[in-house]
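Working notes, beginning with the structure itself.
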Amino acid sequence: MTQQITLIKDKILSDNYFTLHNITYDLTRKDGEVIRHKREVYDRGNGATILLYNAKKKTVVLIRQFRVATWVNGNESGQLIETCAGLLDNDEPEVCIRKEAIEETGYEVGEVRKLFELYMSPGGVTELIHFFIAEYSDSQRANAGGGVEDEDIEVLELPFSQALEMIKTGEIRDGKTVLLLNYLQTSHLMD
C-alpha cells in the first residue's frame, strides 16, 4: 500500500531569490493512521552538474567559488571546490550544463554523458540534480571561464589523483563533486 498525502496548506514564507514554503499536509501511514505534518520546503528549481576529465593527461576540471551557505555554517573563507553546475532555468539538463561548462570553466565540451538524477537534500530542498561527465581537451578551451556577472569563479585543472586526495583531506567537501569523482574512479575511465 502506498502512503496517501493530502495537502492542507501551502504558505509562501519568502519568494526572494528562491521560494520558501511552509507546507501543512496529512500523511496516511501504511497502518491507516493519519498524521499531520508541518514542514518548511525550499524550492530552488532543478539543476545540473558536470565533471570534465581528460583520460590522457589524468586531470579533471573543477572550480572554486564563494558559497554563502557554507560560510554561514562555519567554512571560514566560504570558498568551495566543486564541479561546474547551474540551475536549469527552463532549459533541458544537457543544454544547461553545456552553457554552464563554457561560462564557468571556459571549455566547450563535445559529447556529454548523463549518469543519473539525485535529490541531494530531500528533507527540505526540492532540487533534483542531473549528473553528467564529459571528456575535455586543451583544444576545447574557448575562453578563460570564471562565470558571468556577479560570479567570481576560479578554474582548477587538477591531477585526478590529487582531487581524490583532496576528498580525504577535506579540501573537497561538496557532495555532488565527491559523487562524480568517486564515479570516475570506480568507472575506470581514467585507467
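Glycine residues also receive a Cβ, built from the backbone N, Cα and C atoms like all the rest.
Residues Glu100, Glu104 are recorded by Swiss-Prot as Mg(2+) 2 binders, and the candidate that the same record lists for that site, out of Glu40, Glu151, Glu157, Glu165, is Glu151. Note: the Mg(2+) 2 site is recorded as Glu100, Glu104, Glu151; in the same chain, Ile63, Cys84, Ala85, Gly86, Glu103, Thr105, Gly145, Gly146, Gly147, Val148, Ile153 also have Cβ atoms within 8 Å of that site's Cβ centroid. Of the residues the record lists as binding GDP-alpha-D-mannose, namely Tyr17, Lys38, Arg39, Glu40, Arg67, Ala85, Gly86, Leu87, Glu104, Glu127, Asp150, Glu151, Lys176, the two whose Cα atoms sit farthest apart are 38 Å from each other. Considering only the binding-site residues Ala85, Glu100, Glu151, the residue whose Cα is spatially closest to the Cα of Arg67 (GDP-alpha-D-mannose binding site) is Glu151.
When the CA atoms are compared, the binding-site residues lying within 10 A of Glu100 (Mg(2+) 2 binding site) are Ala85, out of the candidates Arg39, Ala85, Lys176.
Sparsest Cβ environment among the binding-site residues Glu100, Glu104, Asp150, Glu151 (other Cβ atoms counted within 10 Å): Asp150.
Using a 10 angstroms CA-CA radius around Glu151 (Mg(2+) 2 binding site), none of the binding-site residues in Tyr17, Ala85, Gly86 qualify.
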